[in-house]
Amino acid sequence: MGNPVWYVTTPIYYPSEDLHVGHAYTTVAADALARFHRLLGEPVWFVTGTDEHGQKIAKSAEKAGMSPRQLVDQIVGRIQDPLWARLGISYDDFIRTTEPRHYQVVQSIFAQLRDKGDVYKGVYEGWYCLPDESFWTESKLVDGKCPDCGRPVERVQQESYFFRMSRYQEDMIEYIETHPDFIQPISRKNEMLAFLRAGLEDLSISRTGLKWGIPVPDDPDHVIYVWFDALSNYLTAAGYLSNPEQFSRTWPPDVQLVGKEIVRFHTIIWPIMLMALGLPLPRHVFGHGWVLLGDTKMSKSRGNVVDPLTLIEKYGVDAVRYYLLKEVPFGSDGNYTEDALILRINVDLANDLGNLLSRTTAMIERFAQGVVPELDVSQDNGVLAAEVARVYRTVESAMKNLQISDALQAINELVRVANKYIEDQQPWALARQPELLPRLNAVLYNLAEVCRVLSVLLTPFLVETPQKIRQQLGLDMPVQAYREAVFGGFPKDIRVRRGQPLFPRIELTAAEPEWITLDDFQKIDLRVGTIRHAEVVSGADRLLKLTVFDGERERTIVSGIRATYQPEDLIDKQVVLVANLKPVKLRGILSEGMLLAGSAEGVLSIVAPISPLAEGARVK
Ligand code: MSP
């Protein structure tokens, strides 16, 4: 028997429509975890796939004027390639619930449970939520709607097979209580315990009148409920029935990632199915949050989706992966905006990471004839080595605890410390003093070494950048193992090869302005004035009360500039004021106008004539 396999799964996606950034999020997260464990040298089995049966798919196909099979084949094709191919998803198996191997597993599970009396035939009367494909009793509805998604439900009454979940209620509660990290994060665990304690009813697991599904063995008028079918995919993909050797090494899953709205299926129905089959339960089910767009969940039915392929085309695969993994803390919801994506590219990737590499290779070319100097410990203050050691441990433990954004955060800190190291050490100054050459060499070694370490640390997250970093460093071997991120391993006699910036900055093109005419502009009465008096406004730490002479009279202007200016800085200073702005009361003071001031990157400055002008002079 070989080594146990680290088994990670994503939910299997409904191929009723093309997938969006929300689906990409889960899949990229699972991919990063899988890549990390591979880097640790563990055999990994990473499975994703598609959930192709059920009424939702059947209805979408009908709408599209296709057979369900045609629809799913078409969409699944696009999910595999280009979507997952372009996003660099390194799955080991892609399971489709319409495959014969899965069909056999589902029928066998059904038959086993029926044989042992955990599945029985009865009559189902209740409510069905079509978009979620979930059954509900009257008492669980919220305002007559689906308690999971808030959408309308339909009344169903039919003969049905039931799964005797009630029998396992106590076992399930006990399991969750004795396995505190089975459901993560903890808030979701408490929610599930409350749900279980409220009482578990038997679950309807077949439907009549629906053709698009797996038939119940020996009773083909019934098709098996799509969630029963879907959850079993994790067994099929591990080789259950088809490959006992693989199955024994792979089972149970180590981590199952699911969106928060399907945690209930995965932490109640699914483990009870496994209990009933006498199989071990997954080690961890992690319920992650949603990618929101404008405060609501990104979803096709809400019509607010973003196509990951468009983003990849515009910004590159690694920028998209980085953004998804970094920006939405794993476990909480996070808002998607393109501006935030651009900000992460410009700040974290272009400015911090990209500059570190380009400064490092440029300095090695300039000060060391392009060859990375050797490590000379006697010349080294150990700052970067210590930081690398810290980040190595932080990333490892964050990834093992499924805190992907924390791992990236730690990597960012290393980049920032390295950039600061350049500022502190000032290699260009060392280079001017020949006696400091050994120190200069140590600094250059350290910087090259941090860049090399970063290429290792980033390997689980980014698919192109680590290799690009290595090319520029003159390292040809791709990263093989996480322990290569230990400080001090830069090979000897390596010549750097400067290259293109890793991440070109994205210039934010301002939206097309709304033009105004000269007439519009001339409506604004701008005049030069002089500040005669200034005082703080009590109780308001951003405001100053100014007395400004405008050539005719003194007027009071309340201005939000106190963070930058003290009252005494302003006396007798000339300013430009908007003289015909409608007066308003601010903090009980009538403010008659406004000063012009500009601000950028947190710095504010009053706008003034560069040589004095008579008060009252018109500005135009
Ligand atoms: N087919 C079921 C899962 C069966 S698993 C045995 C299903 N499919 S789904 O396509 O609707 O959703 C699949 C996964 O994508 C879910 O985990 C869901 O949470 C996730 N996401 C869908 N939209 C999402 C966001 N906007 N944000 C984050 N994840 C999102 O449910």
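Every residue gets a Cβ built from N, Cα and C, even glycine.
In TrEMBL, the feature motif ''KMSKS' region' is placed on 297-301, out of the ranges 137-141, 167-171, 207-211, 297-301. Per TrEMBL, the listed range annotated as motif ''HIGH' region' is 13-23 (candidates: 13-23, 68-78, 365-375). Listed in sequence order, Trp127, Cys129, Pro131, Asp132, Ser134, Trp136, Pro152, Val153 are the same-chain residues at least 6 apart in sequence whose CB falls under 8 Å from the CB of Cys146 (Zn(2+) binding site). Sequence-distant contacts of the motif ''KMSKS' region' (297-301) (same chain, six or more residues past either end, CB-CB distance under 8 Å): 17, 20-22, 131, 290-291, 336. Here Cys149 (Zn(2+) binding site) comes close to Cys129, Pro131, Asp132, Glu261: these same-chain residues lie at least six apart in sequence, with C-beta atoms under 8 angstroms from its C-beta.
The Cβ of Cys129 (Zn(2+) binding site) has 20 neighbouring Cβ atoms from other residues within 10 Å, across all protein chains displayed.
In the predicted model, the motif ''KMSKS' region' (297-301) shows an average pLDDT of 87.
One way to see the shell of the Zn(2+) site is to take the Cβ centroid of Cys129, Cys146, Cys149; the remaining same-chain residues with a Cβ within 8 Å of it are Pro131, Asp132, Ser134, Trp136, Lys145, Pro147, Asp148, Gly150, Arg151, Val153.
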